[in-house]
């Protein structure tokens, strides 16, 4: 403990694995390794395919590349502490290291939410205004959107580590997960955390909350446009271009909303449920997104098959 008058701050936190299943951590690490490997390899393949295939140099696939980079970052943020705990029982993480990991986890989560919104906007323009799509979403515009997304995440979350460092901590130092999460750290403080709660809620609602609302509105407008199409084939073709994105949105937002609700209102929720929802939120989307897009996107699948044929040849 670091002591400074009445101010107490732990030198480190202790991370938790899966409660009640500590003896099985080496075996539990096997599916986690498979998920991390899928996330790392799958997203790298998506980036490679988009970069090497000229026909994929379009806004939809630029945004997909942003999603892949974000998913890689999320996987790499949690991989060292999660596998370190499962393999070697390394539970200790320094206070500053924990705040740094937390900051990047939350930034990347917010960026993923914003990228999914940008992809919804791209689908809306492509379906509702196909002739204007190339002039609206130029390479420069896509780049500006990407920079704005990153800056929004970085700036909005910048106060969070400083708000946590000003708190006095006492008693328990055990985190609920094998990674650092803002509500988790905040609840270990024995000081007034109203500012942290209020700021965290405002930022969450004004970023991820607004992103989700605008994604839903985008799909309402897309459905209105699709319904007005003359033939059933045109309707199905238009909707088919959105299936991958809808899956990615559901895979990301459902666990995120669940975890946020548990941390704020689920005092009586079993620790195992809390842990499983947290892992689902941070590990499943990076692993599933490249699989979803590889299966559902004909262009990605064909480019991947061409690349494999060239290597075999």
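Here the Cβ of each residue, glycine as well, is placed from N, Cα and C on the backbone.
TrEMBL lists transmembrane segment at one of the ranges 1-22, 243-264, namely 243-264. Of the given residue ranges 100-121, 166-187, TrEMBL assigns the label transmembrane segment to 100-121.
Within the chain, the transmembrane segment (62-88) has long-range Cβ neighbours (under 8 A, six or more residues past its boundaries) at 15, 17, 25-26, 28-29, 32-33, 36, 39-40, 43-44, 46-47, 50-51, 101, 104-105, 108-109, 111-112, 115-116, 118-119, 122, 139, 142, 146, 149, 178-179, 248, 282-283, 285-287, 289-290, 293, 300. Contact between the transmembrane segment (243-264) and the transmembrane segment (142-164) is not supported: fewer than 3 Cβ pairs lie under 8 Å, counting only residues 6 or more apart in sequence. Within its own chain, the transmembrane segment (142-164) has Cβ neighbours under 8 Å at 59, 62-63, 66, 99-100, 102-103, 106-108, 110-111, 114-115, 118, 182, 185-186, 189, 195-196, 199-200, 203, 206-207, counting only residues six or more beyond its boundaries. Comparing 100-121, 197-222, 276-295 for CB pairs under 8 angstroms to the transmembrane segment (24-50), the maximum falls on 276-295.
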